[in-house]
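Copied straight from Swiss-Prot:
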type: LIPID; residues: CYS503; note: S-palmitoyl cysteine
type: LIPID; residues: CYS504; note: S-palmitoyl cysteine
type: MOD_RES; residues: THR561; note: phosphothreonine
type: REGION; residues: 327-360; note: region 'Interaction with PPIB'
type: TOPO_DOM; residues: 21-482; note: topological domain 'Lumenal'
type: TRANSMEM; residues: 483-503; note: transmembrane segment
Amino acid sequence: MEGKWLLCLLLVLGTAAIQAHDGHDDDMIDIEDDLDDVIEEVEDSKSKSDTSTPPSPKVTYKAPVPTGEVYFADSFDRGSLSGWILSKAKKDDTDDEIAKYDGKWEVDEMKETKLPGDKGLVLMSRAKHHAISAKLNKPFLFDTKPLIVQYEVNFQNGIECGGAYVKLLSKTSELNLDQFHDKTPYTIMFGPDKCGEDYKLHFIFRHKNPKTGVYEEKHAKRPDADLKTYFTDKKTHLYTLILNPDNSFEILVDQSVVNSGNLLNDMTPPVNPSREIEDPEDRKPEDWDERPKIADPDAVKPDDWDEDAPSKIPDEEATKPEGWLDDEPEYIPDPDAEKPEDWDEDMDGEWEAPQIANPKCESAPGCGVWQRPMIDNPNYKGKWKPPMIDNPNYQGIWKPRKIPNPDFFEDLEPFRMTPFSAIGLELWSMTSDIFFDNFIISGDRRVVDDWANDGWGLKKAADGAAEPGVVGQMLEAAEERPWLWVVYILTVALPVFLVILFCCSGKKQSNAMEYKKTDAPQPDVKDEEGKEEEKNKGDEEEEEEKLEEKQKSDAEEDGGTGSQDEEDSKPKAEEDEILNRSPRNRKPRRE
């Protein structure tokens with residue numbers, strides 16, 4: 001009960017606040033102005049206090065250095081594009097206006113860097129083709145060492161449609177980096193790519209058919225992990241590809257595995273073709289019967305089957321309702337309508353008033369010619385069809401026969417791919433300021449991990465040092481998603497309200513405790529409490545009258561000792577009265 005009163009009180013206070021707001025708009029404006037002044041003062045004092053407060057410890061940047069043998073490594077901290085070659089090629093089958101690879105590249109720090117001095121390769125322009133590449137220290141040969149490719153990407157402005165993948169360019173005599181374009185042969189393509197709501201993390205390798213010498217792209221299965229955050233959180237992420245001589249592979253993001261598999265089993269299309277194929281010359285015989293069911297040829301239509309019977313018939317038991325207005329139309333011309341002044345009968349034809357519902361039909365069951373309602377025809381059977389039976393001549397679904405695949409081959413070591421001698425980025429992007437950093441290619445996992453700790457690890461530590469607290473993160477999230485304010489308010493206000501409700505609502509004493517304290521009469525049955533009270537009241541009055549008469553007679557007999565007896569009789573009378581009220585001494589109910 002007290003909880004209900006508290007809820008009512010809150011509703012009343014809320015209503016009063018709304019009414020006060022409606023009646024004192026001018027006062028609220030003044031209050032808002034005062035609050036603005038206070039906020040400005042707080043911000044000024046905060047800025048002053050910030051200047052006096054010592055800054056939080058910062059992570060000092062130091063360029064990573066390879067700790068072992070690498071085929072390629074670049075942290076861009078020298079501040080230039082030296083070692084990288086911009087493409088001068090044009091794309092085939094593309095308009096001249098966009099065929100050129102004229103997208104801009106620069107070496108610069110991130111726009112909101114937490115590590116001063118840390119620079120990277122930045123794709124600067126949007127809606128342009130970009131191509132840049134660099135030679136390896138020496139070509140990578142797929143022999144007994146694993147291949148590990150790793151680099152960092154930060155979508156500083158998010159990403160609408162575009163990629164941030166790398167290509168490992170195949171070692172060929174025709175390789176010319178200043179003519180690097182989309183058709184330049186590559187061995188592996190690896191990295192993130194996104195367009196619309198399709199988030200990808202590519203791993204593609206080009207496999208050479210040992211029989212024909214033709215290369216075919218093999219795509220790894222899609223990762224099971226949700227990749228969206230890596231494209232939208234505007235943080236630097238570390239992408240790693242590991243290929244092992246046993247044909248296994250792993251794809252990691254921020255040093256956590258998001259995809260893994262085997263080159264023989266988890267690529268599409270498969271590396272090795274099937275041993276048998278369907279004979280392209282085989283043809284289905286003309287008498288081949290693929291029908292599992294056929295109409296029973298021995299079935300006969302029953303004599304009483306009427307195919308012409310309609311599905312609906314008029315209800316012969318229906319009668320026209322009383323008051324039906326047969327002579328009144330359901331719609332009539334609007335008597336209040338007037339022909340527009342600009343109506344030209346030569347151009348617009350003869351003017352007719354718009355139709356409105358007949359007002360006479362509103363009080364009647366209906367207007368116009370009455371027709372019997374339609375009901376389902378109990379004799380309707382429809383078109384007769386013979387029942388279906390199993391086809392005794394069913395031969396199954398025809399398939400062409402299998403023959404040995406003339407193009408079959410079996411490559412059990414797809415890891416031994418075409419050697420590559422350069423790394424390149426050939427990208428189209430609708431978003432600018434894509435930041436690349438800390439490329440490394442090696443055959444030693446330890447060297448790559450050390451490089452990651454000295455490069456990406458510092459970025460992660462710097463981001464953690466500058467990361468706002470839990471409250472700050474909640475406020476930032478609410479700024480991006482305003483509906484979170486409702487969640488925060490409910491999360492905070494509801495527990496507070498429950499605590500107040502618990503503290504303010506005292507434990508109510510039970511009725512049994514109350515009766516025990518006062519020795520008041522307690523009804524045996526609550527539903528008959530009213531009747532019992534009326535009956536007990538009459539019995540009490542009768543007992544009191546008898547008690548008074550007895551006291552008077554005792555007083556007359558005792559004379560001088562009457563006063564003392566009266567004093568003794570008072571507590572006794574009160575005790576008798578209490579006993580009479582007790583449910584144990586209550587008289588039986590009168591029927």
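A Cβ is built for glycine as well, from the same backbone N, Cα and C atoms used for every other residue.
Just so it is clear, the model here is predicted, and its values are computed rather than measured.
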Check the recorded sites CYS503, CYS504 for other C-beta atoms within 10 angstroms of each C-beta and report the one with the most.
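The largest 10 Å Cβ neighbour count belongs to CYS504.
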Summarise the region 'Interaction with PPIB' (327-360) by DSSP state, stating how many residues are helix, strand and coil.
6 helix, 6 strand, 22 coil
Quick one: average pLDDT across the topological domain 'Lumenal' (21-482), no decimals.
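Averaged over the topological domain 'Lumenal' (21-482), per-residue pLDDT gives 88.
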